[in-house]
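Taken straight from Swiss-Prot:
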REGION    1-38  region 'Disordered'
DOMAIN    102-272  domain 'CP-type G'
BINDING   Asn158, Lys159, Ile160, Asp161, Gly212, Gln213, Ser214, Gly215, Val216, Gly217, Lys218, Ser219, Ser220  GTP binding site
BINDING   Cys296, Cys301, His303, Cys309  Zn(2+) binding site
Amino acid sequence: MSKNKLSKGQERRVQANHQRRLKRTDNKPELDDSQLGEPQDGIVISRFGMHADVEAADGTQHRCNIRRTLRSLVTGDRVVWRPGVGTHAGVKGIVEAVHERTSVLNRPDIYDGVKPIAANIDQIVIVSAILPELSLNMIDRYLVACETLEVEPLIVLNKIDLLDAEARKTVDGMMDIYRHIGYRVLEVSSQTREGMEAFEQALADRISIFAGQSGVGKSSLLNALLPPSDKQILVNQVSDVSGLGQHTTTAARLYHFQHGGDVIDSPGVREFGLWHLEPEQVTQAYVEFRDYLGGCKFRDCRHDTDPGCAIRGAMEKGDIAKERFENYHRILESMASVKVRKNFTDAAG
C-alpha cells in the first residue's frame, strides 16, 4: 500500500523529533551532589549541545553539563555553576542556574522562529569595508536591529588603507550621514593600524559582538585585537591584490581583548533578518524620523508618496539623508518579500 509523500515541513518536524530523541538517550555523564563543589558564578564562553564551557572568576575554563531544566543557555550568559570533584568523561562541573540577562541577541530564522544566540551584549560593532563593497543598506539594516534590541551600535569602516585621498574624501562624506544623526563611526585598518587605538578604547570594559558581511575583515580585526594566546579566529588565505577575505567562524565563542573588553564571535550575525519586525518598529528604529512622527497629514501614512508626509518632506528639504530614506523603503520591501515566502512555507508544511 503506497504512502502519502511527506511535505518538506513534515520532514523537518520528523527530523527535529528524531534529534530530540537522540539527545534524550544520550548517555552523557551525570554528576550527583556528592561529586560537586560549592556553587560559584561564571560566564558561558561557548555552548555545545548539552554542554557549555564556563569561565570561573579566576579565569580558568571548565566543560560543564547543563541542567535539563535550563531551556535557554547561550554564550555570554552569567551563570551559577558547581565544579565537579575530579573530571568525569571530560566534564568538570554542571551549570545550575542563569542570572537575569541585561540584553539578549536573537536571530530570526524563517523555519524555527526567533532564537537567542548571545546574551549580555553591551554594543554591536557593525563592520563594513570599502571592499568587496561599501553597503549603506546593510549598515542601515544592522542599525535597525540595534535600535530594536536597544543595544548601542558602533560603526567601523575597515580597510581604509585601500583608499586614495579622493576616495577617502567621498567615503568620509558617506560616513558623515551617520555621524550627523548621533552614531559613532571609526575608520580603521588592521594592516596599518590606523584608527586601531581609538577602536581599542571603544571596546574596553564592554562585551561586544561583531556584525558584518563576509569579506569585510571581521576576523582580521579580531586577530589584531586579541592576545597571541587567543588567536583562534582564523582567516582564509587573503589576496594581497584584492584584500578580500572569507567568513570562517563556525561557533559562537567569547574572547578577551588584550587591552580590555570582551567579544562574542558568532556566525549567527552575518546578517540580521528583520522579517519578524512590524513596519512600525522599523520606522521607530530610524532615529532621525522620530521628531517627525505624528506630523503626517494621514494617520496611516506609509512615508512614501503619501500627500502631506512629514518624513518625506524632511528628506526633500535635506533634513533626512536621501540614502537613509531610500534604504528604509528597501528594508520594508525585503521584509514583506520574506514574510510572503515564510507564509508559503508554513502553508506547505
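Backbone N, Cα and C define each Cβ position, glycine as well.
Feature map: annotations from Swiss-Prot on the structure.
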| residue | record | DSSP class |
| --- | --- | --- |
| Asn158 | GTP binding site | strand |
| Gly212 | GTP binding site | coil |
| Lys218 | GTP binding site | helix |
| Cys296 | Zn(2+) binding site | coil |
| Cys301 | Zn(2+) binding site | coil |
| Cys309 | Zn(2+) binding site | coil |
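Taking Cys296, Cys301, His303 as the binding-site residues under consideration, the smallest Cα distance to Val216 (GTP binding site) is found for His303. Summarising model confidence by region, the domain 'CP-type G' (102-272) averages a pLDDT of 84. Nearest neighbour of Ser214 (GTP binding site) by Cα distance, taken over the binding-site residues Cys296, Cys301, His303, Cys309: His303. Counting in whole angstrom, Lys218 (GTP binding site) lies 35 from His303 (Zn(2+) binding site) by their C-alpha atoms.
Burial estimate for the binding-site residues (Asn158, Ser214, Ser220): highest at Asn158, by number of other CB atoms within 10 Å. For the pair formed by Ile160 (GTP binding site) and His303 (Zn(2+) binding site), distance between Cα atoms is given as 35 Å, rounded to the nearest Å.
Closest in space to Cys301 (Zn(2+) binding site), of the binding-site residues given as Asn158, Gly212, Ser220, is Gly212, taking the CA atom of each residue.
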